[in-house]
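Below is one structure, written out as structure tokens, with a few remarks after it.
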Amino acid sequence: MSLGQRLALLASRLQEPQRVASFQRLCGVEVPLSSPAADEDAETEVRGAPREPRRRGRQPGAEDSPAKPDCCGAPNGVRNGLAAEPGPTGPRRAGSQRRNSLTGEEGELVKVSNLPLYYLFCLGTELGNELFYILFFPFWIWNLDPFVGRRLVIIWVLVMYLGQCTKDIIRWPRPASPPVIKLEVFYNSEYSMPSTHAMSGTAIPIAMFLLTYGRWQYPFIYGLILIPCWSSLVCLSRIYMGMHSILDVIAGFLYTILILIIFYPLVDLIDNFNQTYKYAPLIIVGLHLILGIFSFTLDTWSTSRGDTAEILGSGAGIACGSHAAYTLGLSLEPSLHTLPLAIPPLTVTLFGKAILRIVLGMLLVLLVRDTMKKVTIPLACKLFSIPCHDIRQARQHMEVELPYRYITYGMVGFSITFLVPYIFSFIGIS
């Protein structure tokens, strides 16, 4: 057997859904024998047909805006939770993870016998979701180091955009259920290869280390610990949730390494261009729109289209905001002779200002997001003559989803790098 044949055989084995199901059982996840889902599994195994995820009708009075996260903090209309299961055996039943508010799909009701792993992998999968991004990047820009924060966003946008486009080119399906147990279905309408969670979970810690080591004073070993822990947690969480095969996450990891090798040397050039070139905002907006139009050629609707528009809009807004902040003198970089920077001691004043900036800044960002959402969706519906009585259905139209996502998150990004820092400077907490 040649090397190519061996690699093809290995890839085929790593893609098998049975391996995902085995990992889930090893971690203590299984469908309760007494549940309707288990009965359906038995029926579908006889018929040989895969079972579709559960769907739930829209509840009266339910809002179309994202629900507030609870224990695992998932955004975009997601609902998490655990309910105790009485009985002497001790396992608990986990409710649906990340219900898709646009399609009504829900995850399966499962029995979890290892709660520490359940919560750990919930945390891991959240490291690739909107709630994490909308807290993580502003925290860097407002409290830690805007220089690093802007460059992290550039890398994140590039990696996520290429990952989403690659998914829609390869078009591999998610792992089959059964045998895989779907704890999460929010991204179930997307294709599977590569895992963009794995890509983000690899790119962010590596980029953090590359951007901060030598700029800040800290031991090299910290980076060597951070990168494998962060990346492996995110990658394993996607297998645990039943969203990706082993091959998907390995491909996402390796694809990210390749992207970083090629594009990381250009990050400084891109950031300097965004800040200093006179006509940068026009080029930034135009380029991100062109990239979006080029990638929005899906055969059917999926969350991938909206996520891609959201990523591009956020990147364009943050870049334009950094240009405006630089032009008005809000971006103050330390002199080169002061590097590497020393980590300041944690004082009550420093901690208090950081908390105040996060609370006030996030309130402003969420206000901008909700305001733009309420304006852009009805306006797009009116412009393209799309019925607006059901927002969930309206948002599945490309003519509504793309302007809504791009404009809304473009303004969110602009607020993060310009509007909020300007207010901080005005009230004296910058």
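Each position is counted from 1, following the chain as shown.
The backbone N, Cα and C atoms fix where each Cβ goes, glycine too.
What TrEMBL says about a protein is an automatic prediction, not a curated fact.
It should be emphasised that the depicted structure is a prediction, and the values quoted were computed from it without experimental measurement.
As recorded in TrEMBL, the features of this protein are as follows:
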type	residues	note
REGION	33-103	region 'Disordered'
TRANSMEM	117-141	transmembrane segment
DOMAIN	150-264	domain 'Phosphatidic acid phosphatase type 2/haloperoxidase'
TRANSMEM	153-170	transmembrane segment
TRANSMEM	220-239	transmembrane segment
TRANSMEM	246-267	transmembrane segment
TRANSMEM	279-299	transmembrane segment
TRANSMEM	350-368	transmembrane segment
TRANSMEM	406-429	transmembrane segment
Problem - Criterion met for the transmembrane segment (246-267) and the transmembrane segment (117-141) (at least three Cβ pairs under 8 Å) - result: no
Problem - Secondary structure composition of the domain 'Phosphatidic acid phosphatase type 2/haloperoxidase' (150-264) [DSSP: H/G/I, E/B, coil] - result: 78 helix, 3 strand, 34 coil
Completion exercise
Ranking 153-170, 220-239, 350-368, 406-429 by Cβ pairs under 8 Å to the transmembrane segment (117-141) puts first 220-239
Handout entry: Cβ-Cβ under 8 Å with the transmembrane segment (220-239): same-chain residues at least 6 beyond its ends
Key = 20, 23-24, 120-125, 127-128, 195, 197-198, 200-202, 204-206, 208-209, 213, 245-246, 248-249, 252-253
Problem - Beyond the flanks of the transmembrane segment (406-429) by at least 6 residues, Cβ under 8 Å - result: 134, 137-138, 141-142, 146, 150, 153, 285, 288-289, 292, 309-310, 312-322, 324-325, 328, 330, 353, 356-357, 360-361, 364-365, 368-369, 372-373, 376
